[in-house]
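These features come from TrEMBL:
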DOMAIN    159-267  domain 'Fe2OG dioxygenase'
Amino acid sequence: MMSSHISGTADAPCKSTVRRVAAQLNRAMSEKGLALLVNHGISDDKLRAVYDAFDNFCDLPEDVKNTFRRTSPCNHGYVPPGTERFSSECVEEMRHAFNICWLDRNLPDAEVQGFQAVVTTLAQDFQKLAALLLRALASSLDLQAEYFLDSHRNMFQEGNESCMRLLYYPPFGAPPTPGVTRCGEHSDYGTFTLLAQDCEGGLEVQTSSHRWGRVGHLPGSILVNTGELLASWTNNKYPALRHRVVVPEQPKIRSKARHSIAFFVHPGNDTPITPIQCQVTEAEHCTTNNCIVKNSKSNHPKQNTIYTAYQHLQMRFRETYAS
């Protein structure tokens with residue numbers, strides 16, 4: 001578990017905080033692809049307010065919810081159960097989602113009183129935390145402090161696909177039929193993801209030995225995991241974490257609904273994704289301290305091919321929403 005108490009502001013955090021978080025991130029992300037954040041500054045009350053607002057949205061009539069549906073290529077909007085499929089092995093993935101890419105439009109504020117206010121407040125807190133982590137990631141790679149911040153400055157504005165995703169997983173009274181799950185196996189598409197959740201509910205991650213391990217629930221913590229763009233930038237020094245959400249076997253757990261909020265951190269759409277010179281270890285078969293590590297992950301932009309962040313994201317969306 002990585003514990004970090006955030007000092008100062010997100011715009012100008014203490015240098016000692018950035019260095020401490022950088023060392024912890026370097027170890028956690030390179031070894032496991034994830035870390036647990038505590039003392040992160042995001043209150044449980046704000047998370048609960050958003051969970052409750054999304055519950056109220058999910059209780060609306062279908063025809064009302066459908067007026068807010070996500071329409072490709074725009075990622076903003078409501079995604080009903082069964083619309084997405086992250087894994088071809090799954091027949092149906094059961095969850096409600098609302099992708100929030102803008103804070104000033106296409107939100108159900110008239111239908112759910114206070115919806116816009118609570119999601120905006122929480123999104124701003126996530127942005128501050130993301131800014132600290134972007135500085136820490138740069139420090140962990142011996143880069144200038146603003147290296148990643150410069151390409152991630154316009155979240156929730158045109159030209160940036162960062163997204164706060166509200167998720168509600170309905171309860172299962174009985175074991176699901178074969179092929180039905182909560183969320184299929186995948187890795188996230190962007191730089192990194194911040195995840196808050198209200199209970200355990202079936203989240204699993206794939207270890208370096210390709211086995212699946214359960215991620216327990218530490219109340220008040222936020223999970224941070226690497227995405228495909230960060231893996232590509234670092235040539236897999238920080239590998240993208242593959243994960244899934246299964247329907248728990250234990251009746252007591254699967255019969256409870258699960259809420260989570262995923263904050264997907266993306267760079268600007270026109271950001272080229274090319275490998276950076278980063279520190280690696282001898283275990284990565286490098287003969288110098290500053291080198292590029294070969295990357296064999298098929299979901300990353302290929303080496304010697306320049307992709308933009310937007311091109312990569314749209315390619316992955318086409319796979320996710322393919323019929």
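A Cβ is built for glycine as well, from the same backbone N, Cα and C atoms used for every other residue.
Keep in mind that TrEMBL annotations are predicted by a computer and have not been checked by a curator.
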Three-state composition of the domain 'Fe2OG dioxygenase' (159-267), taking helix and strand from DSSP: 10 helix, 45 strand, 54 coil
Local confidence of the prediction over the domain 'Fe2OG dioxygenase' (159-267), expressed as mean pLDDT: 90
